[in-house]
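These features come from TrEMBL:
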- 45-294: domain 'G-protein coupled receptors family 1 profile' (DOMAIN)
- 28-52: transmembrane segment (TRANSMEM)
- 64-82: transmembrane segment (TRANSMEM)
- 102-124: transmembrane segment (TRANSMEM)
- 144-166: transmembrane segment (TRANSMEM)
- 202-229: transmembrane segment (TRANSMEM)
- 241-264: transmembrane segment (TRANSMEM)
- 276-296: transmembrane segment (TRANSMEM)
């Protein structure tokens, strides 16, 4: 495996063919419209959430800073996959070149890997806020938040730089048909006619680093949080802590559950149909659900949204 193999893949005569959802649907036009609506909902929901957090001074806290980063990641990684899928359906072309496939894979791995780490950072932030409230402003100052967020983006990019070149330098001498709607590593590796044990080992190590370690941080943080909540004497404080944490745990469960199935479950549990549906769930649906989970269950966000819709004098002052 070297640069020669990459050139052979790139110039070997044909592009990859993304079969996606539409080839299996009885009503592809209706499905295309539904996915387009979901895409617009994800973009608008996350964009509004980012705008609210940055324009309202009451939301300039570490928790909302991390939520804005999560929304930014969601906007970017749904944009990596869905527009290509929709455009291909509209113009009737479902091919993707090897370089385009590699770029899409790198961006997707980077953004998903960054989100794995960010969810762990958000759990750590909630642990500090609930278990160490007096020291929280010092321990989670703006500089620390920036360092944590930058570290998440860096680790995600490392994941992309490690996995993408190795995957794309395997020789693809089988069918060029990818039974997926984007260039995801497991779907691409099925096309290789060489020994894929190296990439499988690397994927396992990446899963340990990018999934199991953040999950351990999240579970540890929430174990301490639940213990602290149990000891609280204030019913109002207990309710507020549980509401905030349950929103985060809902997102964690949805995102990590799908990721663990995709990358860590034995191949005997996988089928092409299941893999496509699960990938669609955490690639397309999760970015729509995240702003809904964090807005409808959060009084601060709903209050800021009402203020924006009313365009009251206080809001006008914040956006000047």
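Cβ atoms here come from the backbone N, Cα and C positions, even for glycine.
Remember, predicted model here, so these are calculated numbers, not experimental data.
Distant neighbours of the transmembrane segment (276-296): 20-21, 35, 38-39, 41-42, 45-46, 48-49, 67, 70-71, 74-75, 77-78, 81-82, 179-182, 184, 247, 250-251, 254-255, 258-259, 261-262, 302, 305; these residues of the same chain sit at least 6 beyond its ends, with a Cβ under 8 Å from one of its Cβ atoms.
Tertiary neighbourhood of the transmembrane segment (102-124): same-chain residues 63, 66-67, 69-70, 73-74, 76-77, 80-81, 84, 96, 148-149, 151-153, 155-161, 163-164, 167-168, 182-185, 188, 206, 210-211, 213-215, 217-218, 221-222, 248, 251-252, 255-256, 259, selected by CB-CB distance under 8 Å and a gap of 6+ residues from either end. Remote same-chain partners of the transmembrane segment (28-52), defined as residues 6 or more beyond its termini with a Cβ less than 8 Å from a stretch Cβ, comprise 21-22, 59, 67-68, 71-72, 74-75, 78-79, 82-83, 85-86, 89-90, 284-285, 287-288, 290-292, 294-295, 301, 304-305, 308. Same-chain residues lying 6 or more positions outside the transmembrane segment (64-82) and placing a CB less than 8 Å from one of its CB atoms are 35, 39, 42-43, 46-47, 49-50, 53-54, 104, 107-108, 111-112, 114-115, 118-119, 121-122, 125, 142, 145, 148-149, 152, 181-182, 251, 283-284, 286-287, 290-291, 294, 300.
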